[in-house]
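Peer 1: Please see the structure below; I have some questions.
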Amino acid sequence: MDPTVKKFFEDWVTTHNDAVFDLYTDEMRRARRAHLLLGLPDAYGRGRLIGDYRRVALFGVDTLIEGKRRDKNRIGVDSEDELKLRFEVSEQIRSLERLKAMAKMYGFDIGRAAENASEAIQWVYFAYLACVKENDGAAISLGRVDAFFDVYIERDLKSGVLDESGAQELIDNFVLKLRLVRHLRPKSYDAIFAGDPIWATCCLGGMRLNGHEPLVTKTSWRFLQTLANMSPAPEPNMTVLWSDRLPESFKKFACAISIASSSIQFISDDLLREAFQSSDVGISCCVSGMELGHTMQYFGARCNLPKLLCYAINGGRDEITGDRVAPPLFHDIPDGVLDYNDVTKRFYAYLEWLAELYVKTMNVIHFSHDRFAYESLFFALMDTECERLMAFGIAGLSVIADSLSAIKYAKVEVIRDEQTGLSVGFDIDGEFPTFGNDDDRVDEIAAEVVERFIGFLRNTPAHRGSTHTLSILTITSNVMYGEATGATPDGREKGVAFAPGANPMHNRDRSGALCSLNSVAKVPYAACRDGISNTFSIAAPSLGKTKKSQVLNLIAMLDGYFDRGAQHLNVNCVDRSVLVDAMAHPDKYPTLTIRVSGYAVNFIRLSRAHQEEVIARTFHDTL
């Protein structure tokens, strides 16, 4: 970097990062340093916003500017909140003017509405391009454009200015542009979000609000066809909004492409429609629903619940460093077999403490981001008065469920360091049910943890009146989180990676694929409206002996899984031996794509540690 530019920004510009660390309390810093609060958007752009890019094509930028000016004139100057919003709308107007100027550089006038399919797609792309140029947020998602584009394409097909080959080429070219997006990322970013994802999440299909009329169009098929035309790729993050009422032909095509590419995720459209009372819901990042143009989200990363359990066992001290991170809420746990009621009383007391700290930490981060890294164009493409969500997260749900199950159903004693008194391991005598085997004894523990946590979070008001939501999602940072966490009562050793998202711990779901799915489906979406990520891996021959039976079995599996109330499923149809060979011979697998926690990634671009963790996961050999 030019030394003059570097000095200017260091000496004269207050960044979002500067402001956050100026505002952090000592308690927040300790929790962050100890990896109790993880992956916080305090050193990178928060992302998780979806602009309604369709508005640029539908109305033209000039009309959007006029609308924002009217909104500004309606906003008073009698309170700090009004002044803040009035200033933000002024920024939004300026960003729309810059968007128009950018498009003019390429020879296009996007001040007017798009008049044909080519323009509609180009106008939407300009809006998305400007947003990714303005912001380096972790996730910059696309929303849903398949039905919108299809209106223009069908009109052009009927008028004869476009043929079917040309229509597919328009979508191929659009997807190709999305695949080319890159951001400059710090090295520390890759430890949290491996494989350089941008989460250009593209939602396809779904149903109308009445639940009876599908929103599947020819362009929904065209987007999936790009995975065959141009080979599999991680971006855009193809997401099928699933319902058992989708056209059977589309379900077959989506599942066939999924089996062939391992590039598609499936999300329950029925849950999204009910939660948002809208059929125009998109997915931000991985699994987070929001009504396009009407809802925004403050990204809240996640907290480390297995480490918090260690704090409950160690009286608020970090199990690795011995530092006092949490307050000493109880006397030390007595020697001998751990008592379930005593441990859960301690754990939930610490969970309540953490929830308050977590919300306040997010309030600091997003106050700073709003002030020093405001995403003016994103917000220009939303309603001025939008619904605000604040998305919190959990890492290590299956570890915490299995740990509490071990304490309840087996005999668990703490092994302590003689000098420090800290836990270094656990002696487990007896069997205990593990999450992922459709056993209510442990599955109900997982459900109780998330229900109590969201309740604790709601006790502390969130930034700008946001609604609290919760996700069970780790991205690929389950590896880093595990490295920062000591041994846990489920038998997991110090430093071992957590399972991703809401997945059962590696190879503990021993009762087959359907039992594993059933356990995850019991995690209540009502408590986790930010999403519940589940990554499912199975070799294609295990789905069925023929390609036809594989497709039909995957459809039946998805129908049954979502009918039980599940929210999300990544599907990997790949043999473990292929991944092992790709580690040894990456040049043979340039486009090998797999689903991880809520997104897809080029396998050979993962670090060795992340590759090994993926291979260590459960690969089901039977349904």
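Placed from the backbone N, Cα and C atoms, the Cβ positions cover glycine too.
As annotated in TrEMBL:
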type    : residues : note
DOMAIN  : 1-493    : domain 'PFL'
DOMAIN  : 500-623  : domain 'Glycine radical'
MOD_RES : GLY598   : glycine radical
Peer 1: To see if you understand the setup: which same-chain residues, six or more apart in sequence, place their Cβ under 8 Å from that of the residue listed as 'glycine radical'?
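Peer 2: The list for the residue listed as 'glycine radical' reads GLN265, CYS285, CYS286, VAL287, LEU473, ILE475, GLY501, GLY531, SER533, HIS568, ASN570, given in order along the sequence.
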Peer 1: Under DSSP, the domain 'Glycine radical' (500-623) has how many residues in helix, strand and coil?
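Peer 2: Reading the DSSP string over the domain 'Glycine radical' (500-623) gives 54 helix, 18 strand, 52 coil.
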Peer 1: For the domain 'PFL' (1-493), would you mind checking the mean pLDDT of the predicted model?
Peer 2: 96
